[in-house]
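First comes the structure, then the notes that go with it.
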Amino acid sequence: MASPAPATPAPTPLKVNLEFSGGMELLFNNTKNYTIEIPATTSEHTPTLLRHLIFWIRDNLLKEKPELFISADTVRPGILVLINDTDWELEGELEYQIQNNDTVVFISTLHGG
Amino acid sequence: MARLCEICHREKAVLKRPKTLQSICRPCFYQVFETEIHHTITKNRLFQPGDRVAIGASGGKDSTVLAYVLKTLNERYQYGLHLFLLSIDEGITGYRDDSLETVKRNQLQYDLPLKIVSYEELYAWTMDAIVREVGLKNNCTFCGVFRRQALDRGAMLLGATHIVTGHNADDIAETVLMNLLRGDVARLQRCTEIATPGEDGCVPRSKPFKYTYEKEIVMYAYFKKLDYFSTECIYSPNAYRGYARAFLKDLESIRPSSIIDIIHSGEAFQVRRGVKMPTQGFCSRCGYISSNPLCKACVLLEGLNRGLPKLGVSRAGLQQLDPQLGPAADPNSPPTTAAKEYPSSSDPSAAAAVRTGKSLDW
Ligand SMILES: [Zn+2]
Ligand SMILES: [Zn+2]
């Protein structure tokens with residue numbers, strides 16, 4: 001058996017703060033704040049984008065009803081997303097490249113006023 | 001690569017406005033958000049100096065932001081208004097208790113007097129008790145009808161000369177769609193009005209957020225860290241409205257101006273002459289404004305108290321309530337007439353829709 005090839009060091013995972021409010025938290029065990037770690041790169045060795053983060057959230061944190069969080073491969077319309085307190089529409093939306101220590105906030109506008 | 005604000009060209013932009021697609025910074029956002037509401041108020045002459053204004057306060061985002069902004073504008077522009085918070089306690093354990101706690105905190109945070117009126121004191125029925133009686137099918141009909149009157153009665157107890165509610169542009173667009181989908185011509189005409197005049201038994205009402213996008217209200221609350229309560233009413237299935245809302249949000253995500261466009265369509269909508277419209281009169285029992293001899297709340301109460309809770313929620317039920325009801329009970333009336341004062345079979349929550357925007361929002 002050949003000796004294993006020297007492994008390329010895995011990049012340090014990214015720490016991301018998540019906040020769910022406006023009723024979103026009901027989908028997440030009624031918990032508003034999470035700090036998570038996700039890989040800095042995808043399995044295709046590309047940088048981790050917001051697109052990957054929302055699927056990571058769906059697969060790892062979401063407790064029920066994924067269709068209330070993701071619809072047609074994006075965040076369901078009516079949920080506001082802020083990246084470090086800035087509207088995600090100014091940050092490239094799904095194409096935003098996640099940085100270490102980012103804070104991503106999801107606020108539902110669909111719950112009673 | 002932070003983008004600069006398109007208004008001041010100095011600060012970092014934090015928000016893309018759905019109405020104008022401008023990228024703007026936080027201070028400019030506060031400025032335009034508040035100023036637009038100020039212009040809506042002055043252009044439409046919503047208030048007179050000295051008015052006693054009851055803010056329909058549910059503890060949710062819209063009414064919380066409305067209370068905060070009205071207080072701010074009243075001081076900044078010296079409207080000379082006396083502001084109050086007016087909350088309705090529907091008697092829903094675990095839902096309204098929590099949101100009322102939020103309103104009580106708002107009372108202290110904004111230093112505004114608070115009046116709470118309950119269904120129990122007004123009607124001798126809580127929503128919990130009504131649901132035990134009628135089940136989860138038509139409960140929203142009861143709640144919506146009772147809330148509308150409760151706001152008026154609470155306002156009169158406060159000596160209020162005006163009621164404001166937190167209906168925003170998205171709510172109004174949604175109501176236009178709902179009324180269109182239901183063929184409710186009378187309401188389609190009325191639902192875009194920014195203000196309704198006071199008539200006997202009714203306090204004048206207005207919607208200062210008529211042109212304010214929900215996204216901006218939520219962003220404002222978020223940036224200002226305003227304290228609001230958000231959850232779904234435990235009794236509100238309201239599937240039909242849910243679909244309309246999701247549809248609207250889908251449209252908005254493609255073209256944000258859809259919201260205002262739908263409101264404009266509602267405003268421009270004209271009813272052909274000869275279409276029979278309901279005539280307003282007064283309830284013979286409680287004196288509340290009504291297009292039928294008995295107002296909807298009295299019909300519903302009668303049903304509850306006689307153990308016939310279907311009374312007033314279905315046409316068959318209406319007919320059990322004798323000739324008093326007049327033409328509205330005629331099952332052959334075409335759908336655009338007074339018979340639609342409360343839609344019967346298709347959507348149990350329909351009656352809640354007129355004023356409410358959402359089932360538990362004023
Ligand atoms: Zn600016
Ligand atoms: Zn009555």
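Numbering starts at 1 and runs along the chain as displayed.
Glycine is no exception: its Cβ is also placed from the backbone N, Cα and C atoms.
Under the heading domain 'tRNA(Ile)-lysidine/2-thiocytidine synthase N-terminal', TrEMBL lists B:53-247.
DSSP assigns B:G166 (ATP binding site) to coil in the three-state reduction, placing it in neither a helix nor a strand. Note on B:G166 (ATP binding site): other Cβ atoms within 10 Å of its Cβ, all shown chains, come to 26. Here TrEMBL flags B:G56, B:A57, B:S58, B:D62, B:I88, B:G166, B:D171 as ATP binding site.
The annotation domain 'Cytoplasmic tRNA 2-thiolation protein 1 C-terminal' is assigned in TrEMBL to B:281-311.
The annotation region 'Disordered' is assigned in TrEMBL to B:321-362.
Here TrEMBL flags B:343-353 as compositional bias 'Low complexity'.
When Cβ atoms from all protein chains are considered, those within 10 Å of B:G56 (ATP binding site) total 26, not counting its own. Note on the binding-site residues B:A57, B:I88: the fewest other CB atoms within 10 A surround the CB of B:I88.
Neighbour counts of Cβ atoms within 10 Å were compared for the binding-site residues B:D62, B:D171, and the top value is held by B:D62.
If you average pLDDT over the domain 'tRNA(Ile)-lysidine/2-thiocytidine synthase N-terminal' (B:53-247) in this model, you get 88.
Each residue in the domain 'Cytoplasmic tRNA 2-thiolation protein 1 C-terminal' (B:281-311) gets a DSSP state, and the totals come to 10 helix, 5 strand, 16 coil.
Using a CB-CB cutoff of under 8 Å against chain A, the binding-site residues that qualify from B:S58, B:D62, B:I88, B:G166 are B:S58, B:D62, B:G166.
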